[in-house]
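Q: So Swiss-Prot has the following annotated:
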- 166-173, 191-195, 213-216, 283-286, 314-316: GTP binding site (BINDING)
- 173, 193: Mg(2+) binding site (BINDING)
- 1-159: domain 'Obg' (DOMAIN)
- 160-333: domain 'OBG-type G' (DOMAIN)
């Protein structure tokens, strides 16, 4: 199935039903009083994370999703039925953004997480609500409010422990093939990897971590060169980044310059991502021999001012790969995933009708009663009098 990690959809919550103005009119019950019911609330729109999905492709074809409208109130104090909610299933790791305001509504990072993205309109109030000691026959009501409508940008961000960085042909896909059962395409030309892929690396019988491979970056990616930087978002939730460097590029490019290019593009995309723990790994040491590779790696590290440790591996032959995966596993276990409070602002996400409950009673709609007789007679026919709102 084609990997789609972005989709723009229209979500429309249901409108609230209008309140009803009616009076109880029964024989032998003079002036029975108001009995207009409230309308029903409009339906809401939710997103729910489903671990069985891995792409947003369904939302590329169907763009509009609307919840049900609340029913109008009726006589005899009958409240209108609430509009039907709709729930849209998305892959785990999906972020919802209001495309107009760019407000991040929330992230769905666990299976079964549910999030409100469009709130239904508040129900209108029937005339029963306006009865008081000084207004025994109220002719006021309120109409239901319109449901929220949003242009919603869905972004799928892969959930992985380890993210792979590097130029095209650095050997990222070969590394994933060597440490996991994933089989990304491998070839001797740039941009073999066109979409992100995940692999599960097992260390021993009971330990494992998830590694994400993204298409390689090139100089100018921040301005759209190559495949651009759109896939870097998939590394935002990784705990550690592996910067894989071809120690002796076949195109005779300078590894020092190659490292600088990646760091620059990463920084231009996100300072937060650039500050993540990053390990330097020199690949393809089998092409020049271990001793020459060690000397070359030392010179490169000195030129870029690298202060930490670095690794020399051959993803193709598996040389030193096992030690690297063990060290990665130890790091991950020593640094458990933190529940980043990126969604702290979610508590402050203000939906359109949050204050309507308090304001509705202050602005009622009054019916035009010029055509109706205020005098109630006990001789009237038995039944309920319903006053319908004029078009």
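Cβ atoms are placed via backbone N, Cα and C, with glycine included.
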Q: Would you kindly give the Cα-Cα distance separating residue 284 (GTP binding site) and residue 173 (Mg(2+) binding site), rounded to the nearest Å?
A: 13
Q: Would you mind listing, in sequence order, the residues at least six apart from residue 314 (GTP binding site) in the same chain with a Cβ closer than 8 Å to its Cβ?
A: 283, 284, 285, 286, 320, 321
Q: Any idea which of the binding-site residues 172, 284 has the thinnest Cβ neighbourhood at 10 Å?
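A: Each of the binding-site residues 172, 284 was scored; lowest Cβ tally within 10 Å is 284.
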Q: What count of other C-beta atoms do you get within 10 angstroms of the C-beta of residue 215 (GTP binding site), across all chains shown?
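A: So the number of other Cβ atoms within 10 Å of residue 215 (GTP binding site) is 24.
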Q: Across all the protein chains here, work out how many other Cβ atoms are within 10 Å of the Cβ of residue 166 (GTP binding site).
A: 23
Q: Hey, does DSSP put residue 314 (GTP binding site) in a helix, a strand, or just coil?
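A: In three-state terms, residue 314 (GTP binding site) counts as strand.
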Q: Using a 10 Å cut-off, grab the number of neighbouring Cβ atoms around the Cβ of residue 169 (GTP binding site), all chains included.
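A: Cβ-Cβ neighbours of residue 169 (GTP binding site) within 10 Å number 22.
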Q: On the 0 to 100 scale, where does the mean pLDDT of the domain 'OBG-type G' (160-333) fall?
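A: Residues in the domain 'OBG-type G' (160-333) carry a mean pLDDT of 82 in this prediction.
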